[in-house]
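S.K.: So Swiss-Prot says this about it:
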{"type": "BINDING", "residues": "N10, K12", "note": "substrate binding site"}
{"type": "ACT_SITE", "residues": "H96", "note": "active site, electrophile"}
{"type": "ACT_SITE", "residues": "E166", "note": "active site, proton acceptor"}
Amino acid sequence: MGRKFFVGGNWKCNGTVEQVEAIVQTLNAGQIVSPDVVEVVVSPPYVFLPIVKAKLRPEIQVAAQNCWVKKGGAFTGEVSAEMLANLGVPWVILGHSERRSLLGESSEFVGEKVAYALAQGLKVIACVGETLEQREAGSTMEVVAEQTKAIAGKIKDWSNGVVAYEPVWAIGTGKVATPAQAQEVHANLRDWLKTNVSPEVAESTRIIYGGSVTGASCKELAAQADVDGFLVGGASLKPEFIDIINAAAVKSA
């Protein structure tokens, strides 16, 4: 069985109740390809998760944008994996570059978070990616492999994980890795999984692209053999997110 296309929408720290309800209405009214072809997840800020989950069409799932590395307790401001599971939130994004860079989350810490969230029954979108300086220094794969290794060393079951390659230099900048650049990193990352984890995990794990994906760029990116979907930022707040979801049809054409 092939890898089902996966499209995640990361709403980041955006929205009001009214804006979020408008986005949900747009998604509910949109014509999207069959759930047999694409798995869709949107990730609103924590405070809007119950609203979105209650009002969104059932075939679109929800994700949290982060969770704590262990069980809840005296960790002011944090949300535990157990809380998300209790709310019926199936997915969580971990290791996003904004958290790595702005909040100093290390690869080791992200690996611990991923392992803990999976152990609590959540599904995880684990993010990896290099900065512009690292790309220009020719160390893209070294960086991505190091970040992935920190996760791989802590988990055994990959069936509930998706890896999101997000070149940091292409996030929120309007710059997009060319389809060839994205395919190269995705293929190398799959090879790394094959060598360092197992051929089965490499073949079954979805590796999605996250770097200023738009309605204009999505189809050509989706056509790449090792691009199994997208983690979409700003465009997931706009009607063009429907077009990005429907790029999944490229895989089944």
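Note that Cβ sites are derived from N, Cα and C of the backbone, with glycine treated the same way.
Remember, it's a predicted structure, so these values are computed and weren't measured experimentally.
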S.K.: Based on DSSP, name the secondary structure state of the residue listed as 'active site, electrophile': helix, strand or coil.
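M.R.: Reduced to three states, the DSSP call for the residue listed as 'active site, electrophile' is coil.
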S.K.: Suppose we draw a 10 Å sphere around the Cβ of E166 (active site, proton acceptor). How many other Cβ atoms does it contain, all chains included?
M.R.: 25
S.K.: Taking the Cα atoms as reference points, how far is K12 (substrate binding site) from H96 (active site, electrophile) in Å?
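M.R.: Distance between the two Cα atoms comes out at 10 Å.
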S.K.: Whose Cβ, among the recorded positions K12, H96, has more other Cβ atoms within 10 Å than any of the rest?
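M.R.: The residue with the densest Cβ neighbourhood is H96.
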S.K.: Starting from the Cβ of N10 (substrate binding site), draw a 10 Å sphere and report how many other Cβ atoms land inside it.
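M.R.: Other Cβ atoms found within 10 Å: 26.
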S.K.: For N10 (substrate binding site) and the residue listed as 'active site, electrophile', what Cα-Cα distance in Å is obtained after rounding to a whole number?
M.R.: 10
